[in-house]
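Peer 1: What follows is a single structure, and I will ask about it in a moment.
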Amino acid sequence: MQIKEYQKIITEIYSNIKNVEDIGKVANYIPELGSVSADNFGIHITKINNETFGIGNFEEKFSIQSISKILTLALAYKLEGEKLWQRVDVEPSGNPFNSLQQLESDNGIPRNPFINAGAIVVCDVLISHLENPKEEFLAFCRELSNNATLNYSEKVAKSEKNTGFRNVALCNFIKSFGNIKNNVDKVLDFYFYICSLEMSCKELSKIFLFLADNNFKTHKEKRVITKSQVKRINAIMLTCGFYDESGEFAFRVGLSGKSGVGGGIVAIHPNGFCIAVWSPKLNKKGNSYKGMLFLEHFTTKTACSIF
Ligand SMILES: NC(=O)CC[C@H](N)C(=O)O
């Protein structure tokens with residue numbers, strides 16, 4: 001589909017949904033997230049041929065939260081290879097993102113890398129590989145998107161550190177099973193920082209092009225991960241990207257995707273495009289209410305789901 005056609009359809013849906021009553025709530029269990037204006041609504045699409053279109057607050061940076069779990073997974077998979085799956089599984093959890101429940105019966109092996117438990121293990125794997133995890137992970141993101149302005153938010157990271165009791169519990173619990181190899185404070189500090197990464201919809205739809213374009217190379221002409229790894233990360237996004245609402249997202253939208261409690265969602269059409277939506281009010285499962293609604297209309301009107 002031509003970018004002009006996407007532009008027309010996106011503009012139309014954006015205008016309709018902008019005025020729909022938002023039944024969601026801005027996340028405030030991390031106090032700093034509660035300070036954003038609930039009315040923000042932005043969309044940006046980047047095609048693999050680099051044609052783009054954006055509307056609304058698509059250039060404003062926000063806390064990408066769990067969307068960063070795709071980036072930590074990509075780097076850990078690159079560094080650790082298939083051994084990674086001995087530490088974290090690839091099954092949908094059917095449980096909330098911060099749940100402790102299954103970890104006991106699963107002997108400290110998190111169900112997938114996109115729930116908090118799984119992302120914490122992935123952070124631990126990265127710490128074992130990297131000398132300066134925060135700096136090197138940020139450098140990876142900057143290279144991937146050819147964007148030196150990408151950064152963490154100190155405020156959000158600190159705010160989460162002060163209130164992240166559940167994540168502290170998760171990390172210690174997993175450590176008790178031997179599936180955290182490094183110091184828990186170090187792992188948690190890294191986890192809180194990766195969650196605090198800030199990007200706009202425009203930046204998000206660009207950084208994830210490596211999952212849409214099988215021939216993607218960075219500006220330094222480097223391949224990021226193998227084609228098989230791209231396929232697998234997309235598969236985990238489809239089955240686990242929205243926690244206990246992953247089935248619903250596949251059912252209503254039909255793209256691989258990932259949400260964050262900052263209200264962002266990215267979705268991938270393999271060989272087509274990456275689209276990012278931001279609207280801070282979340283539904284009960286922690287996914288952006290208007291973001292999901294927008295994407296449902298988008299794949300319906302463009303007939304561009306993967307099914
Ligand atoms: N779903 C999310 O975006 C959750 C991430 C958040 N930083 C947390 O650990 O609770």
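Cβ atoms here come from the backbone N, Cα and C positions, even for glycine.
So TrEMBL says this about it:
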- SER66, ASN116, GLU160, ASN167, TYR191, TYR243, VAL261: substrate binding site (BINDING)
Peer 1: What does DSSP assign ASN116 (substrate binding site), in three states?
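Peer 2: The three-state answer is helix.
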Peer 1: Quick one: which of the binding-site residues (SER66, ASN116, ASN167, TYR191, TYR243, VAL261) have their CB closer than 6 Å to ligand 1?
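Peer 2: Only SER66, ASN116, ASN167, VAL261 qualify.
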Peer 1: Minimum Cβ neighbour count within 10 Å among the binding-site residues TYR191, TYR243: which residue?
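Peer 2: Across TYR191, TYR243, these binding-site residues, the one with fewest Cβ atoms within 10 Å is TYR243.
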Peer 1: Check VAL261 (substrate binding site) against DSSP and tell me helix, strand or coil, would you?
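Peer 2: Note: VAL261 (substrate binding site) is coil by DSSP, not helix or strand.
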Peer 1: Name the secondary structure element type, per DSSP in three states, that contains TYR243 (substrate binding site).
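Peer 2: For TYR243 (substrate binding site) - judged by DSSP and reduced to three states - the answer is helix.
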Peer 1: Just name the winner among SER66, ASN167 (the binding-site residues) by count of other CB atoms within 10 A of its CB.
Peer 2: SER66
Peer 1: Any same-chain residues 6+ apart from ASN116 (substrate binding site) with CB under 8 Å of its CB? Would you list them in sequence order, or say none?
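Peer 2: Correct list: SER66, PHE97, ASN98, ARG166, ASN167, LEU170.
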Peer 1: Could you give the maximum C-alpha to C-alpha distance in Å for the residues SER66, ASN116, GLU160, ASN167, TYR191, TYR243, VAL261 that bind substrate per the record?
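Peer 2: Site span for substrate, by Cα atoms: 20 Å.
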Peer 1: Give me the count of other Cβ atoms within 10 A of the Cβ belonging to GLU160 (substrate binding site).
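Peer 2: Total other Cβ atoms inside 10 Å, all chains included: 24.
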Peer 1: State the count of C-beta atoms found within 10 angstroms of the C-beta of VAL261 (substrate binding site), not counting that atom itself.
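Peer 2: Result for VAL261 (substrate binding site): 24 other Cβ atoms within 10 Å.
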